[in-house]
Ligand SMILES: *Cc1c(COP(=O)(O)O)cnc(C)c1O
C-alpha cells in the first residue's frame with residue numbers, strides 16, 4: 001500500500017429526504033461531562049472518547065460538544081477517525097486507542113496524532129518510517145484485559161529505555177491500561193489488575209505527562225484509581241456502562257433519541273400476514289403502520305415483538321424487521337406522518353437504548369454504535 005497524506009473515504013449516503021432522524025441533545029452532553037468533571041480531581045484532564053462515530057452520535061459534532069463542555073483531548077479507535085478530526089481543524093491532543101500499522105507512523109506524526117504502542121518491535125520498526133519526524137506515543141499495559149499491550153515489567157523496561165534513547169523520534173507522552181470488570185460489583189479481578197498496573201509502573205523512573213486507567217466505569221466506581229487523565233466514553237452520551245446494575249453517582253442524561261413517522265397505513269383482515277417468513281398473522285381486522293427504518297439502519301432485526309411509541313402510545317412491532325422498513329400494529333387508523341419514537345420519550349412513555357439492548361440480547365454500546373450513517377443526525 002502506498003503512503004498517502006490522506007486516503008479519501010467513500011461518500012456516505014445520508015437520508016435527508018426520509019423522516020427518520022437521530023436527535024442529539026447537546027445540553028445532555030454538557031450536563032454529563034460537567035457532572036463528571038465536578039467529581040474528578042482538579043489536576044485530572046478528560047479525554048472524550050468519540051470513536052465509532054461518537055458512539056453513533058456523530059464524530060465531529062461530539063468532538064466540538066465535548067471540548068466545549070470541558071474535555072481537553074479526544075480518544076478514537078483508529079487513525080482515520082483521528083485524521084477526520086484534524087481535517088475538521090480540531091487541534092487538541094488526539095489519541096488512537098487501537099494498534100496502528102507501522103507504515104502509518106509518519107502520517108500520524110505529521111498530523112500530531114498520538115498512537116498507542118504495545119510492544120518494542122513496533123517502535124523499532126517505525127523508526128525507518130518516521131525518518132526525522134517525531135511521533136507521540138502512549139504505551140498500553142495489558143494488566144488483565146488481554147487485548148493489547150505490555151504484559152510484564154521485563155517487557156516494558158526495554159521499551160521505556162528505547163523511548164528515552166530515541167527522544168528525537170519519539171515523544172513518550174503517556175502510559176495507560178484498561179480494566180475488564182470496572183462495571184461489576186465484584187471487585188476481585190479489578191484489584192488484580194490494579195496490582196499488575198502498579199508492578200509495571202514501578203519500572204518507570206519518570207512518569208510521562210499522561211497516566212490514565214479510567215474508562216467511564218472506572219471513573220464512576222473506582223475514581224480513586226484515576227491517573228491525571230480519564231478516557232471518558234459512554235457516560236458522555238448519558239449511558240450507564242453497567243447497564244444499570246450499578247448506580248451512577250450522578251444522573252446520566254441520555255442524549256440520543258431516534259424518531260420516524262408512519263410512512264404507510266393500511267388495514268389487515270383477520271388471517272393476513274406481515275413481512276418475510278409471514279411470522280405474524282392478524283388475529284382480527286387491524287390497522288398496521290409501516291416505518292421507514294430497518295436493520296440496515298442499525299435497528300436490530302430481532303426486535304419483532306418489542307414496541308415503539310406511535311403518537312405516544314406503545315405499539316407492537318409485528319413481523320420481521322426488514323432491511324429498510326418495518327411494521328407496527330396501530331390501535332386505530334392514524335395518518336401518514338404521525339410521529340413514531342423508537343428511542344426516547346413521548347408523553348408518559350420512554351424507550352431507552354438500554355430497553356432496546358435488553359430486548360435484543362446485547363448492550364446499549366452495540367445498539368448506539370450500530371446506528372447507521374444513513375440516519376440523519378439533528379443536533380438540538
Ligand atoms: C472505548 C474505550 C474507552 C471508553 O470506554 P467507555 O466504557 O465508553 O467509557 C476507554 N478506553 C479504551 C482503551 C477504550 O477502548
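Using N, Cα and C of the backbone, Cβ positions are placed for all residues, glycine too.
Because TrEMBL annotations are produced automatically, they should be read as predictions rather than curated entries.
What TrEMBL lists as active site, proton acceptor is 51, 276. Annotated N6-(pyridoxal phosphate)lysine per TrEMBL: 51, in sequence order. The substrate binding site feature in TrEMBL is assigned to 147, 323. Taken from TrEMBL, the feature domain 'Alanine racemase C-terminal' applies to 255-380.
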Measuring Cα to Cα, how many angstrom lie between residue 276 (active site, proton acceptor) and residue 323 (substrate binding site)? 11
How many whole Å apart are the CA atoms of residue 147 (substrate binding site) and residue 51 (active site, proton acceptor)? 17
Looking at Cβ-Cβ distances, which residues of the chain lie under 8 angstroms from residue 51 (active site, proton acceptor) while being 6 or more apart from it? 75, 76, 77, 78, 81, 97, 233
According to DSSP, does residue 323 (substrate binding site) sit in a helix, a strand, or coil? coil
Residue 323 (substrate binding site): tally of other CB atoms within 10 A of its CB: 11
Model confidence over the domain 'Alanine racemase C-terminal' (255-380), as mean pLDDT, sits at 98
What are the DSSP helix, strand and coil residue counts for the domain 'Alanine racemase C-terminal' (255-380)? 24 helix, 51 strand, 51 coil
Packing count at residue 147 (substrate binding site) (other Cβ atoms within 10 Å of its Cβ): 12
Per DSSP (helix/strand/coil reduction), residue 147 (substrate binding site) sits in coil
